[in-house]
Amino acid sequence: MSFKPKVALAQDFLLQLARLPVSMHAKVMKWAIQFQADPTSSGINYENINGARDPNLKSVRLDKDWRGIVFKPSKGDVYVLLYVDHHDDAYRWAENRKLTINPVTGAMQMVMLEHVAEQEADRGALEQNASEYAAPTQSVEPAPSPLFGELSDTELMSLGVPEELLPVVRKISSEEALDALQPRLPAEAYEGLFLVAAGDSVSQVLQARETRVDQAIDTSDFVAALATAESQSRFVVVDDDEAMQAIMNAPLAQWRVFLHPTQNKLARGDRSGPVRVLGGAGTGKTVLAMHRAKWLAENRALGGKKVLFTTFTRNLALDIEENLKTLCSADTMAKIEVKNLDAWVGGFMRARKLEHRIVYDRKQDGALQAWQAALATKDATLDLPDSFYSDELEQVVLAQGLTTLDQYRTARRVGRGVILSRAKRDAVWPVFEEYRGQLASRKLKEVDDAYREIAEMIAIEQGSQLGYAAIVIDETQDFGPQALKLLRAMIAHGPNDLFFVGDGHQRIYSRNRAAMSRCGIDIRGRSRKLYLNYRTTDEIRRQAVALLEACEIDDLDDGHDESKRYKSLSHGPAPEVRMTSGLEEAARVTIAFIQQWRSVQAENESLSFCVVSYSEKSRDALGQQLQSAGIASVPITAQSNHADARNVVHLATMHRAKGLEFDCVIVVAPENYLGPAEETAGQRRLLYVALTRAKRGALLLQV
Ligand SMILES: Nc1ncnc2c1ncn2[C@@H]1O[C@H](COP(=O)(O)OP(=O)(O)OP(=O)(O)O)[C@@H](O)[C@H]1O
């Protein structure tokens, strides 16, 4: 019996594949597929690389000019396709690189040794300069102390620092120096170091990322090393032609193949109950949720059960369904139902022949008439404005699902600002009762009441009859208490029941703040965080976070979240925040910004743009101005986000932009959105969401 050797692809190989000239692309694909089928074939000539620091790196000839760089250890049947380039460039790439196994975590790591040498040389030169020019009598500023001086080598390596980089990491004495080293560090090492710099202990970091460092590691066993979540964040084992082809056909869809170790661990395996994953914008929550749904569908959706993937907004559900189709086989897809919660509720009501229509907006049609009729009954002696009644209805009566005066008399009204005596509560309540009566006579129902009533129906029938093996929830921050209670009711308590991802920074439907624990969802011991922002440059991320500096951010439960520990993996220009005289000037600046970025885009590149505005009216006005300047645009609506549209500028309201991403984003907002933080938290969250849609460039215009 013969065993096929293991073949893996490195992330660098795929990134390089995406950069290849069209003429080489097909050739490399063909070669890689043949290589995967039989890396021991006598037709493959592994050549040593003169001067290579790692004797296991070999060069393989593709044609007269092109070479593949392959890792082929002397022990074990493992082959890793690392890189491909012109002969000389490929050799240069390989010369100072070394593929090693971290002796503490057991993860495979590619180390650039030249960097170690460079740093030593730079430091030597700096020190020499300093001693030459320092005036002997002057007092010299004490050298800043190293950030990681207290950590042992083992602790540093347990965070993911390669042994070869220990000397460089030991010299880091500022956040800037750490950031400068980031491209050379494995992602888990960079993340671990910035968490420690922010105040976490090594054991806290390891516990949160579920990394064990108590096992003996064989640093020559590359097969075992490939099995770690850390290795899988940069190497993928490919078992057959089909898998190889699928990965190479979309080399830039990295999220499908290389998960961050925390994403990887959370996506797979059983969890004893509800899980909550927090993460700032762009930290890969939706990607994680999709991989989790896939794993659950493939491994735990048995006996005809399904996995429900739900979101708050319809657009995002559509987007996620499209992405899931690229991640899952048809068989797996058949076991996943993707639906925003309101669509699910609509379907449930139709299936049960429940006649009511749902009210999402009290300012329209029958709901408006019902509300006005209810307000007409208010007790004039109370001297409370209409806005008090609508806020009280949303934030207390509907949010808590109060249906009787007795319940209202004892209800929590934390954060409402106005204290109501029992007598006043008695006088206020009839307005809400009247409103529900008015709605009922029109066959209407507030959405929170619909959630509550359906949850009650399901509880009686037992949620397990809905046939879900698990429910995965994106955008959790926008679900209010009744929605969370409904989700809880939709599935029986048990392993893998509920998997929530969300971000308090992005709550833009503020009436919906909820604490999971008060909705019957116990996440104790099962809450995790993602810290690395894969989408937004650190410059844009910092600007977006700065907008929320004085605002309190919750953790979707009863605690707080903070922004200090998030970081981005990419860098670019800092976004400009500019005051304009109004929409016309904002349009002119927008046009100049778009033209500027288009003028520097690469030949075969088509940058995506979105102008994100504060209202549909301003969005359309900006669209017209772009049109007059010859720039085609398309608005994003509830029905479509036009993800495939090329060479057009997208236009969106801030709410519609949620969950999407573009290369460049221009945000247009009224000046007062940046008023005193305590009065503008809601608007600032909208700005945070809008700005963090940008991958590379952003501009914030105040009008
Ligand atoms: N492991 C990964 N490797 C590479 N890219 C990733 C990875 N995870 C996520 N991404 C990319 O990062 C971007 C943001 O991911 P995603 O939309 O999942 O983040 P999010 O936390 O849900 O963002 P938001 O809350 O802002 O909507 C996407 O372009 C996604 O493809």
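In case you wondered, yes, glycine gets a Cβ from its N, Cα and C as well.
Summarising the annotation, TrEMBL assigns ATP binding site to Gly279, Gly280, Ala281, Gly282, Thr283, Gly284, Lys285, Thr286. According to TrEMBL, the domain 'UvrD-like helicase ATP-binding' annotation covers 258-544.
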Among Gly279, Gly280, Gly282, the most crowded of the binding-site residues [Cβ within 10 Å]:
Gly280
Residues satisfying Cβ distance under 8 Å from Gly284 (ATP binding site), sequence separation of at least 6:
Trp255, Leu259, His260, Gln263, Leu530, Leu532, Tyr534
Contacting binding-site residues, sequence order - Gly280, Gly282, Gly284, Lys285 vs ligand 1, Cβ under 6 Å:
Gly282, Gly284, Lys285
Between the binding-site residues Ala281, Thr283, Lys285, Thr286, where is the Cβ count within 10 Å the lowest?
Thr286
Summarise the model confidence on the domain 'UvrD-like helicase ATP-binding' (258-544) as a single mean pLDDT, whole number.
93
Env. residues of ATP site, Cβ within 8 Å of mean position of Gly279, Gly280, Ala281, Gly282, Thr283, Gly284, Lys285, Thr286 Cβ:
Asp503, Leu530, Asn533, Tyr534, Arg535
In three-state terms from DSSP, label Ala281 (ATP binding site) for me.
coil
DSSP three-state call for Thr286 (ATP binding site): helix, strand or coil?
helix
